[in-house]
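K.L.:
Structure below; questions to follow.
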Amino acid sequence: LVILVGNLLIVALILSDRDLHRPMYFFLCNLSSLEIFFATSIIPKTVASLLMDSKAISFPACLTQFYFCTFLGVIKFVLLAVMSYDRYVAICYPLQYPMLMNSQFCVQLLLGSWTAGFLATIVPTVLVARLPFCNANHIDHFFCDGVLLIKLSCADTRTVELINFMNAFIILFGSLVMTAVSYLYIINTILKLPSASSRNKAFSTCSSHFTIVILGYGSCIFLYMRPSSHHISYNKMVALLNTMVTPLMSPFIFSLRNEQMKKALKVGLKRSVIISRKCFSF
């Protein structure tokens, strides 16, 4: 509920406040929407399994959950890279920023993120769906993780595992390299600013995004880019960080560390109080 309310509040603030109708907040609005979809694909079933005696899930439902978790996760990482590029243009080329990051280009970047998510997910999902599953039907996890789902198959899964690994490598490290290069240029530009107040203001515009980048990339690189010999309990804890803690913390990180978001929140609360008083006065 906190994930839903917090991220919906971010979306509502950005849509309702004209001062936030800028590329940075356009991408943030989409990121908050992704957090809602991503959490919704996992948490309801997890909560139902905790509350009910039956922890069963059908294979089509498990495959569907695997598809949407991967699909939305890929979009999120590509979108984080796009947001880092937006910050790079805003800080390194402030005069050309409105022209370079126009509305048409922002929509193209967003559509590119969704296209990358679809292309990176459809092939692994089809390959997993075609695998034979014999007697093993127990996944030691709180959602249908693709790695564990592949391990249940009684066939040779080396090809599927290799494709899955290459997918994770290309998406994670491709977007991470773009993010890292953007931040190297950003830091280099900020350090050249003459006044301390200018440097602090520039750093503050990137701090929220950088925090989410560390949480997201750190957890996923641990899960998918290291040997599979680690104990499953560690995987569960790290997956919990990625699937529940990060979507939970995102609204607080972006709202509490951003002056414009805090200003929009105060204006929104004042409007709500005024409207509620008018309603009760009748």
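Positions of Cβ are set from backbone N, Cα and C atoms, glycine also.
What TrEMBL records for 6-254 is domain 'G-protein coupled receptors family 1 profile'. Among the features that TrEMBL reports, transmembrane segment is placed at 24-44, 64-85, 105-127, 168-191, 203-225, 237-256.
For each feature listed, report its degree of burial, its nearest neighbours and the pertinent distances within the displayed model.
P.N.:
Looking only at the domain 'G-protein coupled receptors family 1 profile' (6-254), the predicted model's pLDDT averages out at 84.
Within the same chain, residues 23, 26-27, 30, 63, 66-67, 70-72, 74-75, 78-79, 82, 85, 146, 159-160, 163-164, 167, 170-171 sit at least 6 positions outside the transmembrane segment (105-127) and bring their C-beta atoms closer than 8 Å to a C-beta of that stretch.
Counting residues 6+ beyond its ends, the transmembrane segment (168-191) has Cβ neighbours under 8 Å at 74, 77-78, 80-81, 84-85, 87-88, 91-92, 116, 120, 199, 202-203, 206, 210, 213, 217, 220-221, 224-225 in the same chain.
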K.L.:
Looking only at residues six or more beyond either end of the transmembrane segment (237-256), which have a C-beta under 8 A from one in the stretch?
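P.N.:
For the transmembrane segment (237-256), the far contacts come to 2-3, 6-7, 9-10, 28, 31-32, 35-36, 38-39, 42-43, 69, 141-143, 145, 208, 211-212, 215-216, 219-220, 222-223, 262, 265.
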